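Asks: The structure is given below, and queries will be raised subsequently.
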Amino acid sequence: MEWVEIDGSYGEGGGQILRTSVALSVITGKPVRIYNIRANRPNPGLRPQHLHGILALKELSNAKIKGASVGSTELEFIPGKAEPKHVRVPIKTAGSITLVLQALLPAMAFIGGSFEITGGTDVPWSPPVDYLKHVTLYALEKMGIKVELEIKRRGHYPRGGGLVVGRIEPWEEKKPLKALKWERIEWFAGISHATNLPAHVAERQAKAARERLSEVYSAPVEIETEVSRSLGPGSGIVVWAETDKLRLGGDALGKRGKPAEVVGREAADELIEALKTGMAADRFLGDQLIPFLAFAGGEVGVSEITNHLVTNVWVVEKFFGNVFEVEGEVGKPGTLRVVKSVL
């Protein structure tokens, strides 16, 4: 049995290495050993939120695992026979639902199945669920991947309680994604939400984002507002630009003492920054597409080459050898090109 050995402290050395490594192990059937997990972080080793994704992939692939405990700095994952399932991931806190899906989606794309995940939908240090639904899944659909995703309930820090359900069909036709630079913006859209808070919070976030986008661009702006109940209060906004290529996004979370207007402008400014580079994908999307691009092929212009992106490319190439060519420096716009897609 030949192991794929991954140094978990490489590059940005975070949970991304775990998510991509274990997902690729399930897809390829190759066992993976990850050592030095988060070695450069203040609290090294596996965190609870990483375990949720790993255990979901274990269930999906009937895997044998060793070292799957909080604080563990080495993990061995030996996948069994993967089969379509309904995977339930109950995160008791505000652990990120979208980060669990970053681990699950690449593997499930090859198998099919459905999922039900509770936890945080809109939490710091992870993509908001509306970004995943409207920006990431839009790009995946262009590559031939069909995912249905429904946000049943929001979950914010610290209590969580969000619920996201969905299903994914097996990836039949792998379509190369060619999207270097956008040429025109068709329109802007977005979702501004307030949970256990007054409706005016969502409305003010939306108004501020709408006004900021309209200062810079003439394309129409339609931002929906959503007011809901859950375990605890929270607010946030995701805005995206529909271009002739892909969608680029920007987002921001509300917090106590931060005016709703600041939240709305922050999301709009993040999107404007990405659009100004002229590239077809924002920095978060570029990074998220890597495991899928390896199989579909193509080339994508990203608004910023990030450490996350470079690390993710490195993990994919640990499994398949030279797959990508990355043009551009970290911190600058660049291009991601598949030189040898994996079949």
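Note that Cβ sites are derived from N, Cα and C of the backbone, with glycine treated the same way.
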Asks: Since Swiss-Prot lists Phe284, Leu285, Gly286, Asp287, Gln288 for ATP, which candidate among Gln49, Gln102 does it give for that site as well?
Replies: Gln102
Asks: Of the binding-site residues listed here (Phe284, Leu285, Gly286, Asp287, Gln288), which is spatially closest to His308 (active site, tele-AMP-histidine intermediate) when Cα positions are compared?
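Replies: Ranked by Cα distance from His308 (active site, tele-AMP-histidine intermediate), first place goes to Asp287.
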Asks: Pick from Gln102, Gln288: which of these binding-site residues has the biggest number of other Cβ atoms within 10 Å of its Cβ?
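Replies: Per the Cβ count, the most surrounded site is Gln288.
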Asks: Of all the recorded positions given, Gly286, His308, which has the fewest Cβ neighbours within 10 Å once its own Cβ is left out?
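Replies: Sparsest of the recorded positions Gly286, His308 by Cβ contacts within 10 Å: His308.
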Asks: Enumerate same-chain residues with a sequence separation of six or more from Leu285 (ATP binding site) and a Cβ-Cβ distance below 8 A; give 'none' if the list is empty.
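Replies: Non-local contacts for Leu285 (ATP binding site): Val135, Thr136, Ala139, Leu246, Leu248, Gly249, Val302.
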Asks: Return the maximum Cα to Cα distance in Å (whole number) over the record's ATP-binding residues: Gln102, Phe284, Leu285, Gly286, Asp287, Gln288.
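Replies: Roughly 13 Å, rounded to the nearest whole number.
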